[in-house]
Amino acid sequence: MVSFNWAFSSFFMLFMVGLVSSAKFEELYQPSWAFDHLTTEGEVLRMKLDHLSGTGFQSKSKYMFGKVTVQIKLVEGDSAGTVTAFYMSSDGPTHNEFDFEFLGNTTGEPYTVQTNVYVNGVGNREQRLKLWFDPSKDFHSYSIMWNQRQVVFLVDETPVRVHSNLEHRGIPYPKDQPMGVYSSIWNADDWATQGGLVKTDWSHAPFVASYRGFEINGCACPVTVAATENTRRCSSNGQKRYWWDEPVMSELNVHQSHQLIWVRANHMVYDYCTDTARFPVAPVECQHHQHKTNHN
């Protein structure tokens, strides 16, 4: 696949308040639990899972809109039963959340990447795909781009999922809660690999996921500012323009759309929209997607 350019270069000259961009872990993030299971070697952060604990980290700030990226080298060899997650989430019972979850597998079998979107505390929007490379052999970039029109999940700058704003059809869209950025590794052998049939083999521990290339290009939200005020602060108006509000960011371009079609046709192995056992009537946003697909 040929990667695409999100046209950031032309937008970096725009006025951007609250923009944060850095490649240093400690500037953007902090450990959240099991501090002794995180180590750094130069620019690389390693998180390990053993029989005692997993671990995780979280951003020091919360953000409204923008793009978050991290490069991850996933657990090598037998990773069955393990889950490594990279996600954005707000707080509270009606939280919003955008998830990458990397489901481990036995040696020689491919990783499964599960994405999910929670809106107002409701998820159940899982999609799963097998990547077109082995994500345990080298670092690859995983990104979430979020604005008022769409949420885009990207792997090496290739879009693998789009969640569009369909508020005009009465479907809630996540655009009013600041979100933190998180990552974690943990044991989930009750469901992660082949529906829980394959358990974690602790003789292969520790299981290590490596990280580098930490980037956040978004609008940082002070905790003292009300959510509605943050939405206003982080939206373009006559005085300021943000790159995520530019018209070209409101939907995929033709090349990006073709990339997404390629991913869905060749690498998707599960889509909640087509799971009639779970959803005898397709969720409303799925009906919209199927309508668009039928007319493309």
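Every residue gets a Cβ built from N, Cα and C, even glycine.
Going by TrEMBL, these are the annotated features:
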SIGNAL    1-22  signal peptide
DOMAIN    2-211  domain 'GH16'
ACT_SITE  GLU97  active site, nucleophile
ACT_SITE  GLU101  active site, proton donor
CARBOHYD  ASN105  N-linked glycosylation site
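Restricting the average to the domain 'GH16' (2-211) gives a pLDDT of 88. Cβ neighbour count for the residue listed as 'N-linked glycosylation site' (all protein chains, 10 Å cutoff from its Cβ): 22. Within its own chain, GLU97 (active site, nucleophile) has TYR87, MET88, SER89, SER90, ASN116, VAL117, TYR118, GLY123, MET179 as residues 6 or more apart in sequence whose C-beta sits under 8 angstroms from its own.
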